[in-house]
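Here is the structure we will look at.
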Amino acid sequence: MQSSRGARAADVPVRLVVDIGNTSTTLAIFTGDEEPSVESVPSALFADSSTMREVFGNMARKHGEPQAIAICSVVPSATAVGSALLESLFSVPVLTICCKLRFPFRLDYATPHTFGADRLALCAWSRHLFSEKPVIAVDIGTAITFDVLDTVGNYRGGLIMPGIDMMAGALHSRTAQLPQVRIDRPESLLGRSTTECIKSGVFWGVVKQIGGLVDAIRGDLVRDFGESTVEVIVTGGNSRIIVPEIGPVSVIDELAVLRGSDLLLRMNMP
């Protein structure tokens with residue numbers, strides 16, 4: 001892995017970022033410094049090349065053909081398929097977000113090849129936003145991840161735990177009678193039916209886990225490294241329902257991984 005904190009990001013008029021997740025894939029067109037134009041499709045669609053050609057073609061007709069493309073993927077089987085498809089469509093090399101790139105932070109990790117592309121992108125964007133402050137980056141998605149950077153941009157470590165839907169799904173799939181429940185904010189702490197009890201248990205359990213871990217990490221940064229102000233950035237599909245319950249957060253941005261991928265794309269262009 002490389003660190004290049006002073007590296008400049010290239011200015012490319014039209015850039016495409018494809019964020020391939022376990023459930024859904026988000027496509028973002030970045031034009032200059034404007035807010036990206038974003039669309040989402042089921043990740044399973046990557047098995048249908050004709051449909052994806054149509055999706056990418058429509059985006060290109062609407063926004064112009066991309067001059068630079070990045071894939072941020074946590075699904076290895078879809079990474080190669082997506083990269084080949086995009087290169088054949090636009091005749092542009094596709095950058096895959098991985099540990100071999102230049103970063104605005106220093107990744108000190110025992111197994112860098114296992115560090116998820118989404119986590120790399122989120123760390124990059126977190127460092128970009130808070131270049132001289134420690135930051136806790138939390139992604140509340142299929143899995144919930146925590147990654148920590150110190151004041152000078154050193155990676156201090158992280159945590160990974162099951163996400164909301166994974167917890168609810170496990171209760172259903174690993175038991176004989178518990179139903180599958182869609183999790184949203186319960187009306188009260190205690191449930192009065194099995195469905196309500198599952199919803200309350202998963203939702204408030206995740207809230208307390210995330211809030212407690214953020215507080216514990218903040219305490220470690222203050223005690224062990226002498227940090228004073230610790231920033232917290234939160235992203236992920238379930239971030240909006242959780243963040244109001246967990247205390248002070250510096251930034252909530254569901255597009256943070258896309259923005260970080262775009263930053264890394266511009267930093268790593270030849």
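Cβ coordinates are placed from backbone N, Cα and C, and glycine is handled just like the others.
Record note: Swiss-Prot gives D19, I20, G21, N22, T23, S24, T25, T26 as ATP-binding, and the candidate from T111, T114, T142 in that site is T142.
If you take the C-beta of R119 (substrate binding site) and look for same-chain residues 6 or more apart in sequence within under 8 angstroms, you find A137, D139, T145, D147, G158.
Of all the binding-site residues in the list Y109, A117, T194, the shortest Cα-Cα distance to T25 (ATP binding site) is found for A117.
Annotation note: D19 (ATP binding site) sits in a strand segment as assigned by DSSP.
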